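Novice: For reference, the structure I am asking about is given below.
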Amino acid sequence: MIIRSSEPEVKILVDRDPIKTSFEEWARPGHFSRTIAKGPDTTTWIWNLHADAHDFDSHTSDLEEISRKVFSAHFGQLSIIFLWLSGMYFHGARFSNYEAWLSDPTHIGPSAQVVWPIVGQEILNGDVGGGFRGIQITSGFFQIWRASGITSELQLYCTAIGALVFAALMLFAGWFHYHKAAPKLAWFQDVESMLNHHLAGLLGLGSLSWAGHQVHVSLPINQFLNAGVDPKEIPLPHEFILNRDLLAQLYPSFSEGATPLFTLNWSKYAEFLTFRGGLDPVTGGLWLTDIAHHHLAIAILFLIAGHMYRTNWGIGHDLKEILEAHKGPFTGQGHKGLYEILTTSWHAQLSLNLAMLGSLTIVVAHHMYSMPPYPYLATDYGTQLSLFTHHMWIGAFLIVGAAAHAAIFMVRDYDPTTRYNDLLDRVLRHRDAIISHLNWVCIFLGFHSFGLYIHNDTMSALGRPQDMFSDTAIQLQPVFAQWIQNTHALAPGSTAPGATTGTSLTWGGVDLVAVGGKVALLPIPLGTADFLVHHIHAFTIHVTLLILLKGVLFARSSRLIPDKANLGFRFPCDGPGRGGTCQVSAWDHVFLGLFWMYNAISVVIFHFSWKMQSDVWGSISEQGVVTHITGGNFAQSSITINGWLRDFLWAQASQVIQSYGSSLSAYGLFFLGAHFVWAFSLMFLFSGRGYWQELIESIVWAHNKLKVAPATQPRALSIVQGRAVGVTHYLLGGIATTWAFFLARIIAVG
């Protein structure tokens with residue numbers, strides 16, 4: 001029997017003044033590395049400086065010191081985020097038409113940027129309505145501000161200043177927790193305490209405070225705004241907070257205070273904590289009362305979750321015990337050993353977090369249109385398209401990052417001597433089966449999905465529409481997807497007896513929400529065209545996964561290079577004299593994976609953009625007749641590759657190509673410039689190092705002749721550097737091209 005002292009033990013978890021603050025050291029480029037600190041001999045030095053500045057593993061092998069650097073860097077990151085937010089709010093306060101938009105969001109477009117007339121570029125200030133001229137923004141900030149109850153530009157100023165104060169505070173915290181009071185390694189590895197604090201503090205109290213803000217500030221202010229009250233007449237947020245009678249006039253049960261909460265008489269709160277489902281017909285957004293209810297429920301769940309883990313007192317879950325008890329029938333000793341991996345390798349931990357956060361970000365992308373959370377968001381088509389595209393790209397990059405850090409973990413932190421027969425070892429031992437099967441799946445999906453399109457193009461070209469796969473000829477209906485849609489559409493009143501409408505209008509039914517003559521959302525029909533493109537999605541996702549997973553599973557060794565772990569995370573080839581060993585490093589798999597990620601997400605956002613313009617977005621007449629932007633052409637046009645090129649890319653590029661001389665002309669310039677950036681990448685991807693070194697030496701000779709040669713020797717980019725520059729410009733150029741194409745189109749027609 002274990003006798004525990006009733007007093008919790010006090011652990012000393014910080015070191016005082018571990019590292020002195022030295023501006024002299026910070027001013028010395030490369031101070032973190034003995035080699036780089038010597039200064040440049042060749043131009044490769046500047047590349048190494050950038051490559052290693054944040055690679056804390058390369059500065060020291062002391063896990064505590066690495067942990068402190070990462071922790072401190074997080075505060076720096078938060079500081080930048082607050083600075084960015086402050087800038088957004090400041091633009092809203094200083095350069096925007098927010099107050100005008102608030103008074104008439106259906107006829108006035110959001111703008112928070114006015115171009116100064118320096119060389120005639122004031123043409124970019126288009127008329128967004130209400131007599132305001134500026135650049136139309138598509139970030140969704142106006143909708144968020146309205147939902148949170150901001151009614152004046154003064155409030156935006158105050159928030160911007162508050163964010164600046166927080167940015168300064170975060171910078172200070174980053175310095176303080178590295179130089180003055182740095183946590184010990186034990187603190188970083190105390191997972192139970194971390195879970196309790198993050199669950200109860202960040203998620204629990206965070207959700208609770210947001211729910212409180214929504215109930216006490218957002219709901220009353222939005223109720224007045226929806227009723228058409230002038231924003232200047234509405235009481236200020238602090239008046240609602242300090243004066244309960246004001247709220248009780250809107251929601252009578254407020255006079256009872258918190259009594260119903262603690263006496264479990266919750267139905268008293270039903271007027272401001274609802275369970276309606278569907279969208280508010282006035283704003284086209286989710287009911288704010290539903291959102292407040294959701295955040296209160298989430299807060300309570302997370303507050304409970306934040307008390308589940310064992311810390312100083314002898315009760316609660318212990319993560320190591322949970323993991324080691326987790327055994328399946330086929331997994332041998334189960335999760336034994338995983339705890340040690342995740343508390344000693346931050347790359348392994350980061351990999352999991354990136355995979356989950358990336359997946360979550362993609363889930364957010366899909367919810368932003370199917371359950372639009374903010375007022376007047378659903379009818380702002382430019383913002384809807386931007387939010388979807390943005391979250392898809394971000395989520396995909398995070399998922400590729402997960403593979404990158406999993407591979408770095410395998411190379412740098414994995415210890416095969418202690419990892420015998422645990423789950424990871426078992427996966428590694430049958431990696432050939434995993435990769436070869438996944439490869440087969442990719443080949444199957446590729447030939448079949450592409451084959452369906454090729455069939456349709458051929459039949460269409462030969463004038464045989466009756467032999468095509470389409471909703472009007474040979475149907476390939478997505479029956480499983482339609483079944484799921486139907487199940488959700490029928491849920492209210494049956495499996496979800498408390499809800500009045502379904503979670504999303506997209507599931508089906510007869511409901512349609514339109515705001516100011518524009519469609520906010522309606523049931524989205526799925527047919528043969530969606531079936532075809534979904535299999536392209538499956539194909540591109542599986543190929544991306546194949547490349548990334550192969551990189552992780554073969555990061556340490558392969559039949560081709562058994563000693564790969566000794567070569568490190570990134571290397572060009574396995575030395576001279578071994579042909580056919582280039583592009584095998586874990587880094588190269590990330591590099592190649594990025595291109596397929598780009599393929600995958602491009603198809604997704606093209607599908608979304610066209611589908612919404614064809615089947616959802618549009619105007620509605622007095623008689624209730626809906627006219628879609630592209631007139632429902634998705635179902636018949638997107639079933640051939642020619643249709644994608646002709647009726648999507650070419651037809652919808654007309655706005656960006658013809659934008660010169662209009663307020664959208666900046667998008668035309670970006671469209672052109674981003675194509676150039678993309679093409680520039682090919683120069684790095686298609687040419688070798690030797691070619692450039694030869695050219696450089698000839699140019700250096702000319703400089704020597706003229707006695708203007710630099711002391712630092714010019715060097716061609718290494719193979720890996722060239723690829724890094726190439727993929728960066730490829731992605732940057734491709735994404736910026738798509739951005740210009742989408743926005744010029746949707747701002748012109750939406």
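Heads up, the Cβ atoms here are built off N, Cα and C, so glycines get one too.
Pulled from Swiss-Prot, these are the listed features:
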- 70-93: transmembrane segment (TRANSMEM)
- 156-179: transmembrane segment (TRANSMEM)
- 195-219: transmembrane segment (TRANSMEM)
- 291-309: transmembrane segment (TRANSMEM)
- 346-369: transmembrane segment (TRANSMEM)
- 385-411: transmembrane segment (TRANSMEM)
- 433-455: transmembrane segment (TRANSMEM)
- 531-549: transmembrane segment (TRANSMEM)
- C573, C582: [4Fe-4S] cluster binding site (BINDING)
- 589-610: transmembrane segment (TRANSMEM)
- 664-686: transmembrane segment (TRANSMEM)
- H675: chlorophyll a' binding site (BINDING)
- M683, Y691: chlorophyll a binding site (BINDING)
- W692: phylloquinone binding site (BINDING)
- 724-744: transmembrane segment (TRANSMEM)
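Describe the structural context of these features.
Specialist: Outside the transmembrane segment (195-219) by six or more residues, the chain places 147-149, 237, 240-241, 247, 250-251, 272-273, 288-289, 291-292, 295-296, 298-299, 302-303, 305-309, 311, 319 with a CB less than 8 A from a CB of the stretch.
Distant neighbours of the transmembrane segment (346-369): 66-67, 70, 377-378, 384, 387-388, 390-392, 394-399, 401-403, 405-406, 408-409, 412-413, 521, 608, 612; these residues of the same chain sit at least 6 beyond its ends, with a Cβ under 8 Å from one of its Cβ atoms.
Using a Cβ-Cβ cut-off under 8 Å and counting only residues 6 or more beyond its ends in the same chain, the transmembrane segment (385-411) has close neighbours at 138-140, 341, 345, 347-348, 350-355, 357-362, 364-366, 368-369, 544, 548-549, 551-552, 555-556, 565, 568-569, 586-587, 589-590, 593-594, 597, 600-601, 604-605, 608-609, 612, 735, 738-739, 742-743, 746, 750.
Listed by sequence, the residues of this chain that lie at least six past the ends of the transmembrane segment (433-455) yet keep a Cβ under 8 A from its Cβ atoms are 427, 468-469, 476, 532, 535-536, 538-539, 542-543, 545-546, 549-550, 553-554, 639-641.
Through the fold, the transmembrane segment (531-549) approaches residues 400, 403, 434-435, 438-439, 441-442, 445-446, 448-450, 452-453, 456, 469, 476-478, 481, 589-590, 592-593, 596-597, 599-600, 603-604, 607, 638-639 of its own chain, all at least 6 residues removed from its boundaries and within a Cβ separation under 8 Å.
Long-range Cβ contacts of C582 ([4Fe-4S] cluster binding site) within its own chain (separation 6+, distance under 8 Å): P572, C573, I719.
The Cβ neighbour count for H675 (chlorophyll a' binding site), using a 10 Å radius over every protein chain in view, is 15.
Look at M683 (chlorophyll a binding site): DSSP puts it in a helix. Long-range Cβ contacts of M683 (chlorophyll a binding site) within its own chain (separation 6+, distance under 8 Å): G726.
Cβ-based neighbour count (10 Å, all protein chains) for W692 (phylloquinone binding site) stands at 17.
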Novice: Give the nonlocal contacts of the transmembrane segment (664-686) in its own chain as ranges (CB under 8 Å, at least six residues past its ends).
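Specialist: Counting only partners 6 or more residues beyond its ends, the transmembrane segment (664-686) has Cβ contacts under 8 Å with 121, 123-124, 126, 135, 655-658, 717, 722-723, 725-730, 732-737, 739-741, 743-744, 747-748.
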Novice: In angstrom units, rounded to an integer, how far apart are the Cα atoms of Y691 (chlorophyll a binding site) and H675 (chlorophyll a' binding site)?
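Specialist: Pair distance, Cα basis, whole Å: 25 Å.
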Novice: Where does C573 ([4Fe-4S] cluster binding site) sit in the DSSP three-state scheme?
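Specialist: Once the DSSP labels are grouped into three classes, C573 ([4Fe-4S] cluster binding site) ends up as coil.
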Novice: List the Cα distance (Å, whole number) between W692 (phylloquinone binding site) and H675 (chlorophyll a' binding site).
Specialist: 24
Novice: Counting Cβ neighbours within 10 Å across all chains shown, tell me which of the binding-site residues C573, Y691 comes out on top.
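Specialist: Top count of Cβ atoms within 10 Å goes to C573.
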